[in-house]
């Protein structure tokens, strides 16, 4: 959520920034929220004046009664003042609801460092690591490799649950588990994150807090007859961990790593990545979440991105980092990097991690602040997160980049201890 004061002080600049995002966004609601805010502030002035008058009348009534006089006229007048205050309170409640409705639907403002552009083709490549994998044979797609090795079962996944569901079996399930353990060990032992195991269901308030709702409700799985949602990412429960709390400045930055299943309806992805395990309704992911002071947050974003890169480097899979342009930025981020791994069957890089700084956008929605000292006024923190990284896409990248001409797949060196010393899946 944006700072309403920021909108009030410079509505035209806010509209310009939102227009630059390329969002399908009705700019007139900025004028609407400014108008509502002005009306609210005028009413608050009136209410304050009425409360002062009520206090004065109350004191005068007490004085008259102590003197044995008749204060009936003042009592009637004070009752009318109280009734007026109640009416204003009703108006204020209605205006506050309207303001909140609008504010929850206004996206974040891009950081000045975000590149111009509207499509993913406008994203700016920052760096690459390793050259794309070359083969002396025609490489297969990961769905064919997994099916041939009997480690991925798409047909039975479809039978049991429907499209975009997959059974991992045998060494496929072992590989997934190995990757999770490797990622968690690396981030906790090498990068200093605290591991946290979150709930897989959250309430509506939590989904609103991180920005999934109200805009993306059609992409969420809601539990029938209840206002719980299956989490689309561990970002939701972990960011809400400190909701309505004031943290100590000396404790920041705080870093968590969380493994969870993730559930997404993929309502806007019809026809995209229909084969394989790149885009599933249920998938596993290791998530990195940080809470930082404003002056720390962009340094922490670089560190978070490097942390996600490190685990991919350990697997020796070619990747690149791109800075996301304004039109591809998403609803909540102020600046975002994508890490994309090389996928031979696609003959291109495919996203495996997004690393974002939300500045105070989420913190205002979930009400997380910090104090440098107990006497200081609380300030909103900055929140950051990134995939550290997606497990299913890692499996796909390993199958494609480590495949051999006989149909087998070599196991990355760093995963061998987690795979019982095995060197190959065949």
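Quick reminder: no glycine exception, Cβ is built from N, Cα and C everywhere.
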Per Swiss-Prot, 233, 234, 235, 387 bind L-serine; matching candidate in 176, 287, 340: 287
Separation of alpha carbons, residue 235 (L-serine binding site) and residue 266 (ATP binding site) (Å): 17
Candidate binding-site residues 233, 234, 235, pick with smallest Cα gap to residue 265 (ATP binding site): 233
Between residue 387 (L-serine binding site) and residue 354 (ATP binding site): CA-CA distance (Å): 6
All-chain count of other Cβ atoms within 10 Å of residue 266 (ATP binding site): 15
Between residue 387 (L-serine binding site) and residue 353 (ATP binding site): CA-CA distance (Å): 5
Fewest-neighbour residue among binding-site residues, criterion Cβ within 10 Å, set 353, 354: 354
